[in-house]
């Protein structure tokens, strides 16, 4: 099996001045994940690395750069899932750690559980020796300004920038990972789709993997990631499954969003019903990426890696 | 549409001396829910009342009677869902409240969110004026003994007693509700299937509703409640959908559990792959209930209500 990775940097509205940073961020994440796959690494390691790369990038609403809750704090959700055995790990409403996706992976591998929340997740992070990151280090000027404007009653389209990835490795295993700071000015303790298996992500070697972004509550209502895999189980391509599910979410509950999808043959899709979604994929040594509907740039991986080492 | 309610008091192993209490508890819950439906009340009100009744009953692992986490505390999860618009409310890792299902309903109706966790759920409960119940008032001798024996290394089958209900009302609306204290001696902050939409419950007027119980992590891996509704969407009866999904959970991830299911025509099923599950249903003025596979007692509702007022 030829390895493939597809990443997204969130569906929603991306301001003009942030477009280049978003493109660079998803390209970098896809290249890093692909690097792992090319060396024979697992889909699980690849999606974790891609998401970690975007958590560390302040352009995205995950890790550093997360949007703030009503009290001006960062509270994050993340999930990772292994398509081989349907094993998964997730965390919800976690604070003061740089990489929630790494904590989610530890929940999967070091506990009998699948989801740890808030205070318990904090205790678990301590027990695992994960260093505490002061909350203010995760806050960017952009997230703080958005929070303040929302407090003043200005409404933004707030579900921007959840990050995620799906991959298939040389052994044919699929995996997904998703990470988010959630909605700006959300209630303390609000958990969105990302931490909920089937909503924020789902992976099953028998059909494929999906990672979602968009209006979390709508995604939860239709259990979007699992819905897409059902459509693929019924014979749809990743693109048709994604479009069918996104269309259903729009008509049934009025929600917009985006998804990256891969099937067990390595076919992929990056689709969205929002105005924009930053995405990137690498397959057969070719990088593709875009932000707007219909936008698709293509480069060889070698060329992209050369410009990465120069440009990033 | 003739109203129907189906409730469960948890799948697992029910000790001989607790069988009668479990039977009485599910019968009482089903009768209370049905009372609401008969008066023209909504499926949502009926499942909330049925689950509240079992949360208040110390025979079940929900509300008072919840199993304890590793620190000997009660931490509860609950979800409610409205099949009309796919709206849902849930809470995870909540402490010191008598009825998590009521808090889940408030999340659905009073916020823009669908899931509140731990500290944030506590703040929300305070803001809603819900009285605080001292944690020790939710602890029973049984839950404490089980916790202590587990600490000493004795292994119980610990996923006993999650409660749930599904119903269809005279307008053809379906709803589900599920509530649990989770696994005994779980890590602090462990959230199971109950709080995760699609896993612990799912309701959609187009197909039906389902509430699940059993090994939470296995239920999450297969997103069990949503899976059952997919099978019904493909034309299966509630019974066949339940059995197919429970069989898949057993063969794919080695998990046991139980479900109550209703479809949009009012056909119902109460099925389990564990040794026992306490369940009760009321349809067409007839009460049915049981605990063991193949066990099914039938009474008229009038007769059951007469013995309830005497016997309970």
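For all residues, glycine too, the Cβ spot is worked out from N, Cα and C.
Values in this document were obtained by computation on a predicted structure and should not be read as measured data.
Quick look at what TrEMBL annotates:
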{"type": "ACT_SITE", "residues": "B:162", "note": "active site, nucleophile"}
{"type": "BINDING", "residues": "B:190, B:191, B:192, B:193, B:213, B:214, B:215, B:216", "note": "substrate binding site"}
### Summary
If we take the residues B:190, B:191, B:192, B:193, B:213, B:214, B:215, B:216 that the record assigns to substrate, their largest CA-CA distance in Å comes out at 16
### Summary
Same-chain residues at least 6 positions away from residue B:193 (substrate binding site) with a Cβ under 8 Å from its Cβ, in sequence order, are B:199, B:200, B:212, B:216, B:217, B:219, B:220, B:224
### Query
To the nearest whole angstrom, what is the C-alpha distance linking residue B:191 (substrate binding site) and residue B:162 (active site, nucleophile)?
13
### Task
Compute the C-alpha separation of residue B:190 (substrate binding site) from residue B:162 (active site, nucleophile), stating it in Å without decimals.
15
### Query
Relative to the Cα of the residue listed as 'active site, nucleophile', which of the binding-site residues B:192, B:213, B:215 has the closest Cα?
B:213
### Query
Which of B:190, B:193, B:214 (binding-site residues) reach within a Cβ distance of under 8 Å of chain A?
B:190
### Query
Are there residues of the same chain, six or more positions away from residue B:192 (substrate binding site), whose CB falls under 8 angstroms from its CB, and which are they?
B:77, B:180, B:182, B:183, B:186, B:200, B:216, B:217, B:219, B:220
## Note on the structure
Checking the binding-site residues B:190, B:215 for other Cβ atoms within 10 Å of each Cβ, the smallest tally belongs to B:215
### Query
In which DSSP state, out of helix, strand and coil, do we find the residue listed as 'active site, nucleophile'?
coil
### Query
Given the recorded positions B:162, B:191, B:213, B:214, B:216, which one has the fewest other C-beta atoms within 10 angstroms of its C-beta?
B:214
### Query
According to DSSP, does residue B:190 (substrate binding site) fall in a helix, a strand, or coil?
strand
### Task
Kindly assign residue B:214 (substrate binding site) to one of the three DSSP-derived states: helix, strand or coil.
strand
